[in-house]
Amino acid sequence: MSYNPYAYATSEQNGVNDRFSHTPQQQRPMQIPRNTPVNGQGNANMNANVNGSGGGFPFQDPRGSMAFQLGQSAFSNFIGQDNFNQFQETVNKATANAAGSQQISTYFQVSTRYVINKLKLILVPFLNGTKNWQRIMDSGNFLPPRDDVNSPDMYMPIMGLVTYILIWNTQQGLKGSFNPEDLYYKLSSTLAFVCLDLLILKLGLYLLIDSKIPSFSLVELLCYVGYKFVPLILAQLLTNVTMPFNLNILIKFYLFIAFGVFLLRSVKFNLLSRSGAEDDDIHVSISKSTVKKCNYFLFVYGFIWQNVLMWLMG
């Protein structure tokens, strides 16, 4: 007869088992072994073991591995060596322009409060005074639009362009003369007017301002040029409102004049603030004659040219 060690269980142990068998389901506390590390020590030890495994070899760059070289050679053979070289140049240029793309992304950092204040600044620029138009600098860089209402942005010009085209499309549909080809013509003509406006502003500042003096970037000028869609949209909506003809003309005239004041002060004050007064590397100041020429140019550009351009676009 074989020996059974469980046959000699004591009555005390049987009593304990019976007691637990008649007791409702109880949750026993989980016991953590003494040798088990707590919290992140286990992960740290595990990472240390993983990093230290393999005989202590350091992590190698995957570009120097045999698999990467084989894949690179196979890809170059598949698309051709010339195409592969062109692909590498494109990737290098995209990597080099990463910093520039990050700078462009700052022009889209807007908030609801900024958009409302910017609309007030465009429609009622007289309430902002004549000294509150300069952008705010912090650590040598301008603050993003969400922190400075005087900072230009790309959000409002892009949304203004889309809204302007959609409103024009809706008006054509209400008249019963909608045509998809006209939509393409309107979009292309609007973009052509914007490019022409940008070219005139950039060329005028280039001829008047010394090249040693820092001026606006092309993106910043595009932002200021794109703000014209705010009065254009309101002028479009006025055509569907029943009112006296003289009142309609008066409101449109005010919108165009207000935009001219906004454009004149925004470009003027921020252009003169970049004359090197706070820059140690540039010791060139704008002469009084240059300031007068800039004022004359911005006056003609903001009040005369903008009215003619918006009349053609509207």
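From the backbone N, Cα and C atoms, a Cβ is placed for every residue, glycine too.
Going by Swiss-Prot, the topological domain containing Arg135 carries a different name from the one containing Asn240, and the two residues are therefore on opposite sides of the membrane. The stretch from 154-174, 218-238, 244-264, 294-313 with the most CB pairs below 8 A to the transmembrane segment (189-209) is 294-313. When the stretches 154-174, 218-238, 244-264 are ranked by Cβ pairs under 8 Å to the transmembrane segment (294-313), first place goes to 244-264.
Across the topological domain 'Cytoplasmic' (210-217), the prediction's mean pLDDT works out to 75.
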